Amino acid sequence: MSPPSPAMAGLLQALVGASEKAGTIARLCRAEEPLFQLLVAEKSGTDKNRRFLQDFKTLADVLIQEVIKHDLGKEFPELQGHIHGEESNEFKNRQGDTVVVRVCDTPGDTAALLLSVLEPEREAAELLAAAVHRDVTLGDAELASVALSIPPQDLAIWIDPIDSTNEYIGGREDVAPIDGITPAGLCSALVLIGAYDRQTGCPVLGIINEPFYCRDPLTHRWQGRYHWGVAYGDTQLSSLSPPPPRPTPCVVLSRAEGGPVRAALGPLCGDRLCFAAGAGYKMLCVILGLADAYVLSEGSTFAWDACAPHAILRALGGGAVALAGALQARRVGDTGPPPELVYNRPAEGAVGAKRWANQGGLVAYVHPQHLEAVLAALATVPGL
Ligand code: 2IP
Ligand code: CA
């Protein structure tokens, strides 16, 4: 392998840094009173507040996405135009004017721009702008020592600024984990940044940031943590080790998952069918070995939900397959590896966000034997 250029070597670190800044902004919105009041305004129930909250919710998401885009695009000009996210940066304020949310040259300019959406909440706009312009320092020796040779011009990025937005707004801190999996609440709100190969659509680098991992026992402030993975050519690296397989798999599902899928998977898992919020969080459960597979039978996740966790799963020897395609291949006797999700191909005939839906559902796994067992069980479900 030729020695990596500094720019190439720094991409993983830059993605982690961007996720840390995003996590800080996500925490700030819950920690600083002027911002928190906006987040929870919905609960007061008046029409005016409801509208305002809707705006603020979207603004927090849009802003985080724009900060990541800005910081990565500045450091890696080759990525400009190839950084995509869940949100559009066009925003309608209460006067009906369209505001394009972006990071300006100075904190003062960014605050002025944010104020055109948040008026009259000047303090909130200034707090957000200060966080947007603050530099992040990573004290992570292991990460700093990773040298990669992945040309940024071959890659594109998917960002989910806050996955599980509803749990983020709801903010429940009192949800007890069941066998390590927390079924709902703030801890399922994640920042997801994934890089994929522009040509093949394969996920290559992934960062999952958990801004609300735990409370510091002394300061009572939220502490985050992050995980990363690289799967590029022969290189498989991760901040985590592959979890050991369980003899009887545990499968995690959305609470929205239908009866037939639950019934088909029940016998495979014994009593280990689990439920959790957040597509990213369920994939994280598999990555951490809290579950052996995440099964979703609907096209209700998107490229930005799956790209980052998928890259980490691949780094650990697993993956995320397109469920409908995998079952179809089985039915026609195809014995090759089931089709993995890809991130560079919009769904034909779809419009808006649906263009990037993971149509036909997915199965995320680390150990191939669990994927095989899940597909065998689901092959009997009519209509899948
Ligand atoms: C959502 C979020 C939801 C999930 C949905 C995602 O992303 O992760 O929780 O549904 O698939 O698209 P479920 O919890 O039923 O798995 P976002 O919160 O970013 O819209
Ligand atoms: Ca999401």
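Each residue, glycine too, has its Cβ placed from N, Cα and C.
The Mg(2+) binding site annotation in TrEMBL covers Glu86, Asp160, Ile162, Asp163, Asp305. DSSP assigns Glu86 (Mg(2+) binding site) to coil in the three-state reduction, placing it in neither a helix nor a strand. Note on Glu86 (Mg(2+) binding site): other Cβ atoms within 10 Å of its Cβ, all shown chains, come to 21.
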Legend entry - Those binding-site residues listed as Asp160, Asp163, Asp305, and which of them has the most Cβ atoms within 10 Å of its own Cβ: Asp160
Inset, instruction - Could you name the residues, excluding Glu86, Asp160, Ile162, Asp163, Asp305, of the same chain that surround the Mg(2+) site, i.e. Cβ within 8 Å of the Cβ centre of those residues, in sequence order? - result: Ile159, Pro161, Ser164, Thr165, Leu190, Val191, Leu192, Ala279, Gly280, Phe302, Trp304
Inset, instruction - Identify, in sequence order, the residues in the chain of Ile162 (Mg(2+) binding site) that are 6 or more apart from it along the sequence and have a CB within less than 8 Å of its CB; answer 'none' if there are none. - result: Ala26, Ala60, Asp61, Ile64, Tyr168, Ala189, Leu190, Val191
Inset, instruction - Could you find out if DSSP has Asp163 (Mg(2+) binding site) as helix, strand or coil? - result: strand
